[in-house]
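According to Swiss-Prot, the (2R)-2-phosphoglycerate binding site annotation covers Q164, K338, R367, S368, K389. The active site, proton donor annotation in Swiss-Prot covers E206 and is backed by sequence analysis. Look at Swiss-Prot and you will find D243, E286, D313 tagged as Mg(2+) binding site, backed by sequence analysis. As annotated by Swiss-Prot, active site, proton acceptor applies to K338, with the evidence given as sequence analysis.
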Amino acid sequence: MYVEIVDVRAREVLDSRGNPTVEAEVVLEDGTMGRAIVPSGASTGKFEALEIRDKDKKRYLGKGVLKAVENVNETIAPALIGMNAFDQPLVDKTLIELDGTENKSKLGANAILAVSMAVARAAANYLGLPLYKYLGGVNAKVLPVPLMNVINGGQHADNNLDLQEFMIVPAGFDSFREALRAGAEIFHTLKKILHEAGHVTAVGDEGGFAPNLSSNEEAIKVLIEAIEKAGYKPGEEVFIALDCAASSFYDEEKGVYYVDGEEKSSEVLMGYYEELVAKYPIISIEDPFAEEDWDAFVEFTKRVGNKVQIVGDDLYVTNVKRLSKGIELKATNSILIKLNQIGTVTETLDAVEMAQKNNMTAIISHRSGESEDTFIADLAVATNAGFIKTGSLSRSERTAKYNQLLRIEEELGKVAEFRGLKSFYSIKR
């Protein structure tokens, strides 16, 4: 089937932090349109594809994206008009070649990705198919286990917690709907616990709380308390996941990590994590070490990778070259997938496929600067990834993804699968 792209256009819109981002629209020959908004991260890996910002301090404090919009309207549009909307790999290859840089810094990953996503949406809309079915085919049926970021620290919060995300993982349920309900009930229980203890319960970028607690371990204890008080069983129905984002507390010059006010070597930090894993129902740890500390990842995965999902985010930046190295070294047993780290839909799908073929799990993830766009909800089901990270149970740019997954689960009906603990196929539990 050949359906021509007849128009490609972009505009500057706002993300959930009130910063500009790129929205693209792709129009097909019969008038069908696909639209997409790209997200933006706060803690970014240094190997990520680069978004372009205007750096004009008089507009949006330098964060405008008019240059990226111009790149879509004046460079990308002429190249894609006349192309087949159903040839996503060729569209994305054209975008990559048009840019010509390793990290998409000429046209901007924000310009390229907005168009790549919009093309996929337009093609799905033309066929009258839901996006997950267009991208994933008839076998797209697995609803993801949500990793819900309910306590924020690190670069996502102005508090004294080093680790960036403390998540609840409702994996012990039979449907996505039940898992979501458990997450919401725990979230509200947690709010009550924090409020009664005198903590501020305002929420951060991803909808989680950012209390000043005495240590990272105290944050885990508070989560366990919330799970129990909400009427659920920690370690059976609901588990804990951590995103350490360790690059943010690593001193490159000294080669040490700063955790709980102390200097720690990779080896000492490893011991610290092992103690936490022994004491609490921690099922997943993301970026426990800095993005170039490969040896520590390899050793840690060797030690605890049979019982804990070790996830590479900044380590891999959704890049198949870095992922290949990780697979070869057995550096992790899981990868975090972010569309805007790599910059096209095809490259994202390639990374998921490579991980899954090598018995690694893939977690489809949002960014801290999100929008009402629900592309990643469909992507999680399209790839049967089994996991999604899309924030807490508040802020509508987060709940938009959960609501889309509820719709998809309902639409799939009896075919829908929520694998729960079985989604953790890279570990033996």
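Backbone N, Cα and C atoms are what each Cβ position is placed from, and that goes for glycine too.
Features per Swiss-Prot, on structure.
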residue : record                               : DSSP (3 states)
Q164    : (2R)-2-phosphoglycerate binding site : coil
E206    : active site, proton donor            : coil
D243    : Mg(2+) binding site                  : strand
E286    : Mg(2+) binding site                  : strand
D313    : Mg(2+) binding site                  : coil
K338    : (2R)-2-phosphoglycerate binding site : coil
R367    : (2R)-2-phosphoglycerate binding site : coil
K389    : (2R)-2-phosphoglycerate binding site : strand
Spatial neighbour of E286 (Mg(2+) binding site) that is closest, considering only the recorded positions Q164, E206, K338, R367, S368 and their CA atoms: Q164
Rounded Cα separation (Å) that holds between K389 ((2R)-2-phosphoglycerate binding site) and D313 (Mg(2+) binding site): 12
Nearest recorded site to Q164 ((2R)-2-phosphoglycerate binding site) by CA-CA distance, among recorded positions E206, D243, D313: D243
Additional residues surrounding Mg(2+), by Cβ distance to the D243, E286, D313 centre under 8 Å: Q164, E165, L242, C244, A245, I285, D287, V311, D314, L336
R367 ((2R)-2-phosphoglycerate binding site) and the residue listed as 'active site, proton donor', distance between Cα atoms, whole Å: 8
C-alpha spacing of D243 (Mg(2+) binding site) relative to S368 ((2R)-2-phosphoglycerate binding site), in angstrom: 13
Neighbour count (Cβ, 10 Å) for K338 ((2R)-2-phosphoglycerate binding site): 26
CB within-chain contacts under 8 A for D243 (Mg(2+) binding site), separation at least 6: N149, L163, Q164, E165, M167, E286, D287, V311, D313
